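Some notes on the structure that comes next.
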Amino acid sequence: MDIQLYSERRPIRHYWFTSWPDHHIPQCTAPLLRLVEEVETYSRSLLSTSFQPITDPVTGPGPIIVHCSAGIGRTGCFIASSIGCQQLRETGQVDILETVCQLRLDRGGMIQTTEQYQFLYSTLALYSCQLQHNQNQNQQNPEDRVSIQLQNLQLDNTQNQSN
């Protein structure tokens, strides 16, 4: 969906994370990480496809806007998760306390409960493990990857012949 004001036109995409109860946490962290990844991927796609004339006052796709009922608990967890994922990608480290403190300076009460704070740690721990796994996969010797792929093909071929 697009929204337009005079000659300025911007795309709008709405995400609705329905399985997160107010003042509590989801049962697992993976869905939140998928949402963070989806929002970041979409935002990057807008940056790479926005071909605007130099004279156009709009310099990008616009902000990402996040809100829950009160705008501090679930919103804070999402924003802190997004910031933490970015820190982990860029530096390999994350400062969760500093991130939460900064968010609370920007909007009091962000991350309302101990449960939400622990959930944030769990979310970023999972993301860190995923990054490490991906880096290990990428650092694998290309010859080893080809060998593994050939072994998998041979296994597939053997299984097909026995059927």
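Glycine residues also receive a Cβ, built from the backbone N, Cα and C atoms like all the rest.
What TrEMBL annotates here:
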| type | residues | note |
| --- | --- | --- |
| DOMAIN | 1-127 | domain 'Tyrosine-protein phosphatase' |
| BINDING | D22, C68, S69, A70, G71, I72, G73, R74, Q112 | substrate binding site |
| DOMAIN | 33-118 | domain 'Tyrosine specific protein phosphatases' |
| ACT_SITE | C68 | active site, phosphocysteine intermediate |
Cβ proximity for the residue listed as 'active site, phosphocysteine intermediate', under 8 A, sequence spacing 6+, ordered by residue number, returns W20, D22, R74, T75
Most isolated by CB count within 10 A, of the binding-site residues S69, Q112, is S69
Between the binding-site residues G71, G73, the one whose Cβ has the fewest other Cβ atoms within 10 Å is G71
Under a three-state DSSP reduction, the secondary structure at G73 (substrate binding site) is helix
Counting every protein chain shown, other Cβ atoms within 10 Å of the Cβ of D22 (substrate binding site) number 10
For the domain 'Tyrosine-protein phosphatase' (1-127), the DSSP residue counts stand at 64 helix, 8 strand, 55 coil
In this predicted model, the domain 'Tyrosine-protein phosphatase' (1-127) has a mean pLDDT of 87
Between the two most distant Cα atoms of the substrate-binding residues D22, C68, S69, A70, G71, I72, G73, R74, Q112, the distance in Å is 13
